[in-house]
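Student: Structure below; questions to follow.
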Amino acid sequence: MAASIRLLARRIVRDAFRTINSSVSVRIVSSSCPSNLSACRCFSDGAADKSTHFGFETVSEGEKAERVYKVFESVAQKYDVMNDAMSLGVHRLWKDMLLHVMNPQPGIRLLDVAGGTGDISFRFLNYVRSQQERVARRTARANQTPSWQEISTSYTTPTEGIEMETEARESRAVVCDINKEMLKVGKQKAESMGVSSGLSWVVGDAEELPFDDDQFDVYTIAFGIRNVTHIDLALQEAVRVLKPGGRFMCLEFSKVTNPLLARLYDAYSFQMIPVLGEVIAGDWKSYQYLVESIRKFPDQETFKQMIEDAGLFSVRYHNLTGGVVALHSGFKL
């Protein structure tokens, strides 16, 4: 309830600023061309709607948001298959590396933004479960020859306390995505894998997250931030919802550092990926956009600076596969 009220308040403030800016634009334009009011109104509307890129096209910000939504709505059912085909399965290693660097411990609360099909969240829960099993095995080995004091303690300690401690340390993952079709596919995967506990699905915009401040230990966004219209707003929202000491982690396509690999990568991207999209998913245009969006995304150092500008500290990045992908991370103090 509190999150909904907070979200509504932010929208009211944002809309108020837009209304003020729009009215100022109308007054300025109409003073310069009072004889043609309709033309002035048309000009002011165009000025108020800022332009951005959709792949290599220049479109309005509103149009980009709508077209990106339709892209992922179109590819949702074949998204995982296409990821394997486009990356030759290497995307699995990149995501495993993210979890290895994160090294989550039991009790961590994760927010996985633009995580529709749940790949990162499934890995997170499996990783934490393996950590818990490892601790349990160590404890079992240590208790194979218990002393009489330990035996006595085990009989006198209530099991309720143990259960409460285990429950308190349960890790949770929240998958947040603006696209309902992607979430639908993710839920279907969860059901087929038998994953239910510790996992939630929420429809939400990366630029305006439906969560209260200081809620999550880790924020992840994998191959999603380049599709956001206002990257700076998404980064600010990441900082807002992270707890003090929380970690931001972003896995995204980046700039290839090796010139030879860059040429091969460009040839493969533009000549093969749209073809795969047409053959496997029946959708050439969506995958043409995805390739172009990679080229429009900032390079490693520029994106690092953007993360720091948002208020995160100790920002670093690791190049994977020669810079085809970069893993950026930073902390909220």
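Cβ atoms are placed via backbone N, Cα and C, with glycine included.
A quick note: this is a predicted structure, and the numbers were derived from the prediction, not measured.
The S-adenosyl-L-methionine binding site annotation in TrEMBL covers Thr117, Asp177, Asp205, Ala206.
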Student: Around Asp205 (S-adenosyl-L-methionine binding site), which residues of its chain at least 6 apart sit with Cβ under 8 Å of its Cβ?
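Tutor: When sequence neighbours closer than 6 are ignored, Asp205 (S-adenosyl-L-methionine binding site) has Ile178 within Cβ distance under 8 Å.
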Student: For Asp177 (S-adenosyl-L-methionine binding site), which residues in the same chain are close in space, meaning a Cβ under 8 Å from its Cβ, but six or more apart along the sequence?
Tutor: Val113, Ala114, Gly115, Gly116, Leu183, Gly186, Val202, Val203, Gly204
Student: Return the count of C-beta atoms lying within 10 angstroms of the C-beta of Thr117 (S-adenosyl-L-methionine binding site), excluding that atom itself.
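Tutor: For Thr117 (S-adenosyl-L-methionine binding site), the 10 Å Cβ neighbour count is 22.
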Student: What number of additional C-beta atoms lies within 10 angstroms of the C-beta atom of Ala206 (S-adenosyl-L-methionine binding site)?
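Tutor: Ala206 (S-adenosyl-L-methionine binding site) is surrounded by 23 other Cβ atoms within 10 Å.
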